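K.L.:
Got a structure for you, questions after.
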Protein chains: 2
Amino acid sequence: MLYFIGLGLGDAKDITVKGLEIVKQCSRVYLEAYTSILTVGKDALEDYYGRELILADRDMVEQEADEILKGADVSDVAFLVVGDPFGATTHSDLVLRAVNAGIQYRVIHNASIMNAVGCCGLQLYNFGETVSIVFWTDTWRPESFYDKIKKNRDLGMHTLCLLDIKVKEQSMENLMRGRKIYEPPRFMTVSQAAEQLLEIVQNRRERGDDLAISEETICVGLARVGAEDQVILAGTLRQLASCDLGGPLHSMIVTGHLHPLEVDMLQIGCPGRNPCIKYSYQDG
Amino acid sequence: MLYFIGLGLGDAKDITVKGLEIVKQCSRVYLEAYTSILTVGKDALEDYYGRELILADRDMVEQEADEILKGADVSDVAFLVVGDPFGATTHSDLVLRAVNAGIQYRVIHNASIMNAVGCCGLQLYNFGETVSIVFWTDTWRPESFYDKIKKNRDLGMHTLCLLDIKVKEQSMENLMRGRKIYEPPRFMTVSQAAEQLLEIVQNRRERGDDLAISEETICVGLARVGAEDQVILAGTLRQLASCDLGGPLHSMIVTGHLHPLEVDMLQIGCPGRNPCIKYSYQDG
């Protein structure tokens, strides 16, 4: 059996009791290490589980999937994923490979940012399509996520923005020379995401577009959701561009139509909310 | 401290390790019993936790919230919710009451249908607004959810349909006479939801509306997601209207634009998928 086990969002103890029991009994345990991270690292997880974990980076999952699946028809193998196992496309790929190899699989679900984001007080029912915001480079500055946010806002829906993670990234030079030397991991902050969005707003204004978002649109910054030191800040897009929410992971919400109960929740805030950025009623 | 603890979706062991530790240490533990259910009941949870649970129905949470919050400023009280604590509006209400009473709170997240639904192979990113489908009566047959599904489909998005739960429902006669006699709990099945949707499709066709959904639209029925005996079925809306997925809880997805990887996943199916309903490519 191949078990896909969600680890939740905070630390080692956010695994479910069922998930922990399975981890302890499997013959091999892989830790997916490229779509997200916990606030604790591999060592802390190994200490807590009392067993060795094999780090599975993107190359391994995509190119050496057979290695992961080896023997899973006769023994138990676990594949651990931060959050819930069905956030990222690549795990569907691993499921399909398992099924095609005649290997049974089972999913042990857990919280992911896709549902835990509800803790900020915005109703999950009122979210439209989720978007990803990627790090811009000098030559690649995609704006497509803006159009999706616009569509959601036109329907009154909130938009969860998942922010870019760069793990095992090669510099252009190292890539060209085929050197497997990797840059330090990078995690987009709420401030960086807000700045990119502000630039698009400015671009669209100069073009004379009908603006779906302005500097005064109420957004919510979230950092380390589910961890002891989570921070949630509501403010205008402009305010969020100059906030510092600390270490990764960050996410951002662009609000749509706000229900009075949602406004109340954004104002009183979740635990750890920094009261220095005030919620403003002047949202357009 | 008031702890909101998600129980996940399956049985007693789907609580997180952190959640279980807190349950064991709190002075009182409430079990929210009106927005969802586990496949195991209160007794099984009490046995597993080794402590008494106080059932909190809707009346209690809405009218006796002070009772729940009593002493939570000086001791620890837990409020257990099936799935994740932030699916339903009323918990925002309890959060606000706690904060206004100067009581700190913390959330222990878990899987909910809002993210676990990804196990069927449809990408969570591609879901639009979630809708609720309520039991129709002879005189009350709301169709508004159809229009939301239409908006999502127009954007190519999938729609998660949460199906009605009636717990502690009074008959009209008992309600009028003020008798607190309750009907047995009712849970809408995928088949019932599909039938209501088919009736709307027929109504709209007779009116000459532009149809967003037809009898041949690919839908996915899900039952007991996260439990050992979960069932996931993909088929046309017409096929789902005559399927039997067994006991509660059920949910349904009306698909939007399907990515090839999503089609692959729907075809091979999740564990427990009944192969008798085949995926059809003839979706409009």
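Placement of Cβ uses the backbone N, Cα and C atoms for every residue, glycine included.
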K.L.:
B:L9, B:D84, B:G87, B:S112, B:I113, B:L163, B:H250 bind S-adenosyl-L-methionine in TrEMBL, but which of B:V40, B:V61, B:V220, B:V225 does that record place at the same site?
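P.N.:
Of B:V40, B:V61, B:V220, B:V225, B:V225 joins B:L9, B:D84, B:G87, B:S112, B:I113, B:L163, B:H250 in the S-adenosyl-L-methionine site that TrEMBL records.
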K.L.:
Check B:H250 (S-adenosyl-L-methionine binding site) against DSSP and tell me helix, strand or coil, would you?
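P.N.:
In three-state terms, B:H250 (S-adenosyl-L-methionine binding site) counts as strand.
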K.L.:
Which state, by DSSP, holds B:L163 (S-adenosyl-L-methionine binding site): helix, strand or coil?
P.N.:
strand
K.L.:
When each of the binding-site residues B:G87, B:L163, B:H250 is checked against chain A, which show a C-beta distance below 8 angstroms?
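P.N.:
Filtering B:G87, B:L163, B:H250 for a Cβ under 8 Å from chain A leaves B:G87.
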K.L.:
Limited to the domain 'Tetrapyrrole methylase' (B:1-240), I'd like the whole-number average of pLDDT.
P.N.:
92
K.L.:
Look up B:I113 (S-adenosyl-L-methionine binding site) in the DSSP assignment and report helix, strand or coil.
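P.N.:
In three-state terms, B:I113 (S-adenosyl-L-methionine binding site) counts as helix.
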